[in-house]
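Here is the structure we will look at, set down as structure tokens.
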Amino acid sequence: MQETSLTKAVSPRQSLGQILLNYYQLTKPRLIVLFLITTAAGMWVAARGEVDPVLALITLLTGAMAAGSANTINCLYDRDIDYIMERTRHRPLPSGRVQPWEALVFAIALAVGAFSLQTLCANLLSACLEMAGIAVYVGVYTHWLKRSSTQNIVIGGAAGAIPPLVGWAAVTGELSWAAWVLFAIIFIWTPPHFWPLAMLIQEDYAKVNVPMMPVVDGDRPTAWQIFGYTLVLLPTTLLLVYPLHACGLIYGAIALVLGVVFIRKAWELVQTPEDKDQARAVFKFSILYMMILCAAMGIDSLPLTHAVVSQVTANLQTLVGTIL
């Protein structure tokens, strides 16, 4: 094969540290952090706040490995368009610091390691869910939809919604309705999280013919879609409180406040869809939203929290009884 910018040999002068950094960058570690947060939330809610620390550590480790595998394959598949876009052309594959076959071997090793370790230390269901996440992200999003549909991030977003299922299955060995609500929360959250970012970098997507919604439909229709998803997201988060009773009032109150703020910010974007600062504000808040929401799930699930809430409730009932 004729040598191109995408098939140049890796420089023999790279230090061990640079080589390790290359593979670390292939995994897109900043994306993995959010996956691990939602995995932990699933575990803590499923276990009512009493999670085996060893199981938690292993599940988070294998989750990071599985996500790293999926992200590496994504980098491998997209290396042609990454080379064209200025913000991505210096990544390990388009820059030639890592060869395609090396990235593929690395991705396979991560996937095999994740599946084996999770099966041995947790259970087969959670391990299979990790592999399903890889399959959906690579097959459905990266290969099928990313370059062909404006709904790429909506349908492909199912991959990012799988981590809480992994966490839940690791603890219980099954998937309850509450687990699927966690899946739905992440699934519905993904478009209003990603589309504001797509609005900011739509010129890059247009350059490489990736049909992200802002590129094809424009900023205003995209802003309305973002607003619509935030409206659906708020009641979905509250399903964990009622009727499922998987989370309590502390989580419910925080989810309500977060949801209202998210809706307000999305509405402000509808008013000024061409305002890049507003799109950036929605994107940044979406990350904060998910981090606080998952933290609220974890705190609400703790036995200490249940004890405090029960005691406060009992005291209030006694006070009301005394007054009446």
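Placed from the backbone N, Cα and C atoms, the Cβ positions cover glycine too.
Sequence-distant contacts of the transmembrane segment (31-51) (same chain, at least 6 residues past either end, Cβ-Cβ under 8 Å): 59-60, 63-64, 67-68, 71, 160, 163-168, 170-172, 176, 178-179, 182, 186, 240, 246-247, 287, 290-291, 293-294, 297-298, 301-303, 305-306. The transmembrane segment annotation in Swiss-Prot covers 31-51 (among others).
Residues or ranges marked as transmembrane segment by Swiss-Prot on the basis of sequence analysis: 53-73 (among others).
Annotation source Swiss-Prot lists transmembrane segment at 104-124 (among others).
Residues annotated as transmembrane segment in Swiss-Prot: 125-145 (among others).
The transmembrane segment annotation in Swiss-Prot covers 153-173 (among others).
Outside the transmembrane segment (181-201) by six or more residues, the chain places 38, 41-42, 45, 87, 153-154, 157-158, 160-165, 168, 212-215, 219, 222-223, 225-227, 229-230, 232-233, 236-237, 239-240, 244, 246, 262, 266, 269, 273, 276, 279-280, 282-283, 286-287, 289-290, 293 with a CB less than 8 A from a CB of the stretch. Taken from Swiss-Prot, the feature transmembrane segment applies to 181-201 (among others), supported by sequence analysis.
The annotation transmembrane segment is assigned in Swiss-Prot to 222-242 (among others).
Sequence annotations record features per position, and here Swiss-Prot assigns transmembrane segment to 243-263 (among others). Cβ atoms under 8 Å from those of the transmembrane segment (243-263) belong to residues 45, 177-178, 181, 192, 227, 230-231, 233-234, 237, 285-286, 289, 292-293, 296-297, 299-301, 305-306, 309 of the same chain, restricted to positions at least 6 beyond its ends.
The transmembrane segment annotation in Swiss-Prot covers 285-305 (among others).
Same-chain residues lying 6+ beyond the ends of the transmembrane segment (285-305) with a Cβ under 8 Å from its Cβ atoms: 34, 37-38, 40-41, 44-45, 47-50, 185-186, 189, 192-193, 196, 237, 240, 247-248, 250-251, 254-255, 258, 261-262, 265.
In summary, the transmembrane segment (53-73) lies against the transmembrane segment (153-173): three or more C-beta pairs, each 6 or more positions apart in sequence, are under 8 Å.
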